[in-house]
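Working notes for the structure below.
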Amino acid sequence: MPTESASCSTSRQAKQKRKSHSLSIRRTNSSEQERTGLPRDMLEGQDSKLPSSVRSTLLELFGQIEREFENLYIENLELRREIDTLNERLAAEGQAIDGAELSKGQLKTKASHSTSQLSQKLKTTYKASTSKIVSSFKTTTSRAACQLVKEYIGHRDGIWDVSVARTQPVVLGTASADHTALLWSIETGKCLVKYAGHVGSVNSIKFHPSEQLALTASGDQTAHIWRYAVQLPTPQPVADTSQISGEDEVECSDKDEPDLDGDVSSDCPTIRVPLTSLKSHQGVVIAADWLVGGKQAVTASWDRTANLYDVETSELVHSLTGHDQELTHCCTHPTQRLVVTSSRDTTFRLWDFRDPSIHSVNVFQGHTDTVTSAVFTVGDNVVSGSDDRTVKVWDLKNMRSPIATIRTDSAINRINVCVGQKIIALPHDNRQVRLFDMSGVRLARLPRSSRQGHRRMVCCSAWSEDHPVCNLFTCGFDRQAIGWNINIPALLQEK
């Protein structure tokens with residue numbers, strides 16, 4: 001009992017000391033702020049060649065840095081005081097065990113263990129605070145390097161897929177749950193062609209590598225090939241959206257979504273009959289793509305199979321089986337007869353058709369949830385995204401483990417890789433779009449606020465490296481597609 005009262009009194013004294021010390025720190029900190037306020041006012045009053053907007057932004061950022069380090073300084077002092085208090089408490093407890101004193105070695109071991117824990121806490125706090133500072137700089141850089149250029153509004157339901165034509169004239173294609181696919185003028189945002197041949201949700205759209213043909217996959221268990229002919233309208237001046245801040249995150253309701261009372265696609269020429277209909281699946285066709293050369297097409301379905309078709313005859317060439325659950329995506333290599341399929345069974349498979357007499361398959365296992373997409377890059381790499389919130393970069397020559405892993409805070413949907421610059425665009429369930437390089441370094445986050453960006457889940461991304469105005473497109477369940485101008489050299493320079 002006497003020992004317990006001594007321990008309690010020691011704890012009370014330590015708390016009183018810490019409390020009084022904390023108050024003195026706050027008083028000191030406030031006086032320091034008063035002292036540093038004068039130089040800052042003097043700095044703001046000095047002549048400078050910098051523009052006022054840039055100058056005010058710099059002052060704001062430096063002010064944030066100063067406040068962060070002041071908070072770190074206070075937390076550092078308080079943590080050091082806690083270490084001293086804990087050492088005193090351990091010493092008091094050591095005298096109470098069986099009326100005997102602990103050896104110096106035992107006390108040193110306990111104290112050092114507690115000190116290491118608190119030191120780790122200090123390091124974690126420091127890293128979190130400094131990362132917040134770095135994040136503010138990255139946000140400013142992203143805002144300047146990633147600008148919203150055009151919004152494509154006309155669908156009456158969510159947009160699942162977006163794609164860019166590979167032949168002239170270069171147009172944008174979108175596939176929607178409203179049972180239609182639309183072709184758009186990239187420069188003006190005007191709808192050029194409406195395809196209404198499906199009787200179910202249109203889940204993907206891909207353009208032929210050399211002809212004005214489109215391939216769409218649908219929930220009606222078919223894939224359609226249809227021909228289009230468009231005449232591009234005269235481009236209009238692009239509005240400057242660079243002054244719109246992308247930092248403020250807001251919660252948007254359905255009232256904030258684009259006003260779609262008027263159907264902008266009603267004036268477009270409408271195609272209702274396909275050239276070819278591919279019909280061999282027993283479930284939803286979730287994706288489709290052209291093999292190199294455009295003479296064959298591959299489809300992926302919820303019936304757990306992928307089918308390879310001859311485009312000219314519509315005949316089924318191969319049925320690719322092996323996945324244990326529904327397929328979610330398929331993609332073809334740009335220069336080789338390779339296909340990759342992804343599935344809800346947490347795997348993706350590589351199918352090799354380079355030898356006409358035999359096709360091989362390799363299984364990639366590395367995710368813990370649905371693989372939402374897997375895409376090829378130039379060379380021997382595949383990039384996969386998953387609902388497990390990770391993106392993995394794989395070497396086709398070594399399938400055992402990924403060469404890079406990107407961990408995020410939200411499930412990832414259909415990714416796309418800028419082949420020339422090797423930049424990965426990640427569309428997320430949480431309405432964000434982030435850009436990473438192939439080694440896993442984050443480059444930017446696309447701006448999103450109440451006035452720009454997606455208001456619902458972002459479903460897909462697509463690069464258009466040769467377009468002078470928009471080189472990245474995204475689409476989402478807010479019924480709109482967005483064209484972005486990404487200043488890639490600026491992003492790579494900041495990296």
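Cβ from N, Cα, C; glycine included.
Automatic prediction, not curation, is the source of TrEMBL annotations.
Quick look at what TrEMBL lists:
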- 1-13: compositional bias 'Polar residues' (COMPBIAS)
- 1-50: region 'Disordered' (REGION)
- 22-31: compositional bias 'Polar residues' (COMPBIAS)
- 32-47: compositional bias 'Basic and acidic residues' (COMPBIAS)
- 69-96: coiled coil (COILED)
- 152-194: repeat 'WD' (REPEAT)
- 195-226: repeat 'WD' (REPEAT)
- 237-266: region 'Disordered' (REGION)
- 246-264: compositional bias 'Acidic residues' (COMPBIAS)
- 278-319: repeat 'WD' (REPEAT)
- 320-361: repeat 'WD' (REPEAT)
- 364-404: repeat 'WD' (REPEAT)
Between the stretches 152-194, 195-226, 364-404, which wins on the count of C-beta pairs under 8 angstroms to the repeat 'WD' (278-319)?
195-226
For the repeat 'WD' (152-194), distant same-chain residues with Cβ under 8 A (at least six beyond the ends)
200-212, 214, 216-218, 228, 230-236, 238, 258, 260, 263-265, 267-271, 287, 414, 456-457, 459-464, 466-467, 469-470, 473-483
Kindly report the helix/strand/coil residue split of the repeat 'WD' (320-361) according to DSSP, in that order.
0 helix, 21 strand, 21 coil
